[in-house]
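K.L.:
Here TrEMBL flags 5-196 as domain 'CobB/CobQ-like glutamine amidotransferase'. Taken from TrEMBL, the feature active site, nucleophile applies to 94. Among the features that TrEMBL reports, substrate binding site is placed at 128. Annotation comment: TrEMBL describes 189 as active site.
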Ligand code: GLN
């Protein structure tokens, strides 16, 4: 029996623009490889260990919900950091990505403490960065999604790729997301995984590798997924700002 367990952190607070679709995509593409996915919703972290976790997911949220989620997750931040350092695959979206850093500065200058798992920070401004976004990634190829954030994130880690349309991490350096070990952090909602099968398969494959499960077939028929992605790519080309 091939089985993976996903820990979905704070689904009661962090689920913007159907981020839950990421879990559905992981389940669906695992099923096509006869892998069963078991999802644990973690809304309270007291006493939680990651012993049974193969992959984790954190969605996005408003500043308020993100601050509440950070408080809750701070109880297990060392465990989470160790798991990330050990190569546990994870996906974190927007607010969930931002609070992995040291701090989130709101537009009025208030500093909200992050989990400080990775050394980066986010500065938020009133003017939001929104719309379709397209990235070119050396690892994953073309990635598409939707972004809506006030936060500007600055770091010198590896990224998901170069922004060809939209904003990404901030409005200056033209890069999007973070790729550290097997952790992906990104501003892309959409949700990102149904729109980008390469990322879904990457996370599943890494989880399988760590657990000693065969990940086959490596490639699925992605004709429909590719066609859907091209709709976004064409749309942004036609609406070039
Ligand atoms: N509150 C954060 C921001 O606006 C995150 C928003 C989100 O998760 N979409 O930057």
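We count from 1, first residue shown onward.
Every residue gets a Cβ built from N, Cα and C, even glycine.
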K.L.:
Take the domain 'CobB/CobQ-like glutamine amidotransferase' (5-196) and average the pLDDT across it for me.
P.N.:
97
K.L.:
Write down the Cα-Cα distance for the residue listed as 'active site, nucleophile' and residue 189 (active site), rounded and given in Å.
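P.N.:
Taking the Cα atoms only, residue 189 (active site) lies 8 Å from the residue listed as 'active site, nucleophile'.
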K.L.:
Quick one: what's DSSP say for the residue listed as 'active site, nucleophile', helix, strand or coil?
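P.N.:
The three-state answer is coil.
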K.L.:
What whole-number Å value do you get for the CA-CA distance of the residue listed as 'substrate binding site' and residue 94 (active site, nucleophile)?
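P.N.:
Distance (Cα to Cα, whole Å): 13 Å.
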K.L.:
Pick the one among the recorded positions 128, 189 whose Cβ has the fewest other Cβ atoms within 10 Å in this structure.
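P.N.:
Comparing Cβ neighbour counts within 10 Å for the recorded positions 128, 189 gives 128.
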